[in-house]
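S.K.: Taken from TrEMBL, the feature domain 'G-protein coupled receptors family 1 profile' covers 39-286. Annotated transmembrane segment per TrEMBL: 24-48, 60-80, 100-118, 138-162, 201-223, 235-258, in sequence order.
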Amino acid sequence: MRNHTVVTEYILLGIPETEGLETVLFSLFSSLYLCTVLGNVLILSAIISSSRLHTPMYFFLANLSVFDLGFSSTTAPKMLSYLSGLSQGISFQGCATQLFFYHFLGCTECFLYTVMAYDRFVAICFPLRYMVIMNHRVCTILATGTWIGGCIHAIILTSLTFQLSYCGSNKVSYYFCDIPAILPLACGDTSLAQRVGFTNVGLLSLICFFLILVSYTRIGIAISKILSAEGRQRAFSTCSAHMTAILCAYGPVIIIYLQPNPSALLGAIIQILNNHVTPMLNPLIYSLRNQDVKSALRNAFPKRCFTLKKN
């Protein structure tokens, strides 16, 4: 029998094919992370402080902002740490925690986008019954269900991944602990974890994307029946922000799955877009053309903060 050393720490090797670019990457990702935190905190502050935004649409948007803060914080702090020259090591427990929260929040994102699409479907197709259908109790159940569903999904994947024995190399060829990067380091049979992980992640994403397509197909049919151009424009504008966010979230994933043999660098870029760019863009997407959010932001903070430029 061979002697094995049980792995207690992993070494994150970073983004593939980026050796020597640590300073540039640190500046880029620290700026992205700062904008993500600032933007989502502002959105949360506006929604909480303004009674006009205490509606189902903005309730789910507040949940999305909490998700974006958590999702980007799952990988960004450790990545910025080793890009700044600090240790690339992460403990076994820290790696498991990072993997759990990555899949917990990632799955919650899919569920939440689906719920937000349903909210827009009800608002456009049943405008007179909107507040009756999407009452406080229903919104709370839907939001709670997204978080519980994401948690169950993450528990399954994390337990399957870390119940295996890890007694070989501890070098993770990636910038954070994800299943495809961790499983090759296991000593035992990884086929079950691979099958469940691929099926679980892929199936949930496809189901959510299909339900979103169904909702927006019904929305498109309803908008086409509106006689006035102004009414169609108003109805479309209420959905445009969410449609843009969906494209930002699912677009990169679709692109990488269409590639027959995606490179490691392309895979990393796609995940960086999902992990760091999309959470930064969501506050901009939902606020740039939204007068209610802009008004709430002006009221939430002292007016002098907005008049410094004039002075």
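Backbone N, Cα and C define each Cβ position, glycine as well.
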S.K.: Are there residues at least six beyond either end of the transmembrane segment (24-48) with Cβ under 8 Å to its Cβ atoms? List them, or say none.
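M.R.: Answer is 15, 18, 54, 58-59, 61-62, 65-66, 68-69, 72, 76-77, 79-80, 83-84, 276-277, 279-280, 282-284, 286-287, 293, 296-297, 300-301.
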S.K.: Should anything in the same chain at least six residues away from the transmembrane segment (100-118) have a Cβ under 8 Å from its Cβ atoms, list it; otherwise answer none.
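M.R.: Long-range Cβ neighbours of the transmembrane segment (100-118): 57, 60-61, 63-64, 67, 70-71, 74-75, 142-143, 145-147, 149-151, 153-155, 157-158, 176-179, 201, 204-205, 208-209, 211-212, 215-216, 242, 245-246, 249, 274.
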